Amino acid sequence: MLKRCLWNPPRPKTFLLGRLWDLYLSATTYTDKGPKPDGGRFLSFDHITFWVGNAKQKAKERGAIVVKGITEESDEHGTIRYAIVKTYGDTTHTFVERSKYKGLFMPGYHPPLHGDALLSKLLYDCYEKIKTFQAASFYCARMGFEPLAYQGLETGSRKVAAHVVRQNKIIFVFKSAYEPNNEEMGEHLVKHGDGVKDIAFSVEDLDTIFKVIYQHTNALVFAAVPPAKLDFIDHVVGNQPDLGMEPAAKWYERNLMFHRFWSVDDTQLHTEYSALRSIVMTNWEETVKIPINEPAPGKKRSQIDEYVEYYGGAGVQHIALNTSDIIGAIKNLKARGMEFLKIPDTYYNALRKRLKTAKVKIQEDLDILQELKILIDYDDNGYLLQIFTKNMQDRPTVFLEVIQRHNHSGFGAGNFKALFESIELDQEIRGNL
Ligand SMILES: [Fe+2]
């Protein structure tokens with residue numbers, strides 16, 4: 001349902017109000033959730049798996065390609081049922097039913113090897129002295145994750161090392177191959193560099209979820225650094241190549257019975273150089289949000305194009321982590337050495353002017369938000385605060401977002417321009433604009 005159907009006064013004449021008005025018109029919210037699934041329920045994001053260079057650090061057309069059908073694995077802590085399907089690019093979704101499992105993470109995983117504190121110290125020293133990029137230790141040192149579980153040679157896993165790190169309800173898994181000729185992981189690494197391989201959901205009643213799919217197919221603790229205060233995965237964004245957004249959105253509708261939650265087009269989401277379109281997909285209960293982006297033609301190369309080129313196709317662009325205290329979280333993450341995108345002061349000057357006439361009142365101190373470079377997006381009923389990290393690896397592909405919501409379920413469309421201009425600044429430095 002288009003907002004413009006409800007109310008249609010003339011476009012304001014001043015520049016800023018005009019821009020806001022364009023945004024208001026170009027964003028589309030949806031009320032149609034499609035048919036309610038007969039059974040099966042998506043509860044939340046379960047975990048995200050990265051395939052990285054160093055872990056220490058077809059079915060019917062348009063159907064879901066099942067990588068692994070419903071599988072049960074057990075150990076002394078109980079039984080987990082899961083299944084894996086392909087989504088966009090080389091990315092997969094795992095559905096995990098864990099109600100009958102009480103272990104650390106999954107069967108086959110063991111507690112971190114050497115005791116948290118010692119391992120942390122070793123990895124931290126290693127990172128500081130050698131400056132080597134080791135994914136798991138980097139996420140622990142900089143983003144405040146702690147080791148949860150481990151799988152590797154010492155635990156009987158001969159082919160793949162996996163380090164699982166956790167912060168509250170956020171679980172990241174870093175996997176890398178031991179053997180020089182692991183074809184699947186090797187090809188993925190050569191093609192994509194470090195990236196997100198799998199987005200796992202916690203689900204209830206996996207059998208019913210799979211019935212729908214089959215219809216179409218045939219860590220580390222650092223005492224010296226402050227806590228990162230991140231609570232759960234808010235949303236996970238996928239970038240698609242040209243004209244890839246609609247097919248990806250339809251894939252979620254058809255196979256997972258997701259519906260469209262919100263969308264925005266390139267008439268609003270653009271800077272002087274680049275533009276994008278986005279559709280947000282969600283499950284019936286709206287507990288899992290998957291925005292899908294595609295580039296739109298612009299003067300220069302869009303950062304979505306840059307992503308797709310460096311990632312070698314569609315893939316996860318960013319993971320947003322929710323906090324109830326973004327000021328505390330960002331102060332602490334900066335103290336831990338995390339780097340975030342820089343936002344010019346002109347953004348805050350314009351924001352202060354706009355907020356003077358806004359219905360919503362921002363509870364946080366604007367001076368502190370400006371100092372920390374936290375972005376604000378709002379409507380009449382609420383607002384969100386968000387900030388973006390620089391890329392988490394060498395290739396300009398995956399990055400993270402930290403977000404705090406105050407009665408606002410958007411994704412920061414009002415900040416697109418500021419965000420993209422900041423990314424374009426880095427893109428220009430990389431010589432890719
Ligand atoms: Fe986001």
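Backbone N, Cα and C atoms are what each Cβ position is placed from, and that goes for glycine too.
What TrEMBL records for the Fe cation site is HIS318, GLU401, and among HIS235, HIS259, HIS270, HIS408 the residue it adds there is HIS235. Sequence-distant contacts of HIS318 (Fe cation binding site), defined as residues of its own chain at least six apart whose C-beta falls under 8 angstroms from its C-beta, comprise VAL236, VAL237, PHE388, VAL398, PHE399, LEU400, GLU401.
A sphere of 10 angstroms centred on the C-beta of GLU401 (Fe cation binding site) encloses 23 other C-beta atoms. Using a 10 Å Cβ-Cβ cutoff, HIS235 (Fe cation binding site) registers 20 neighbours.
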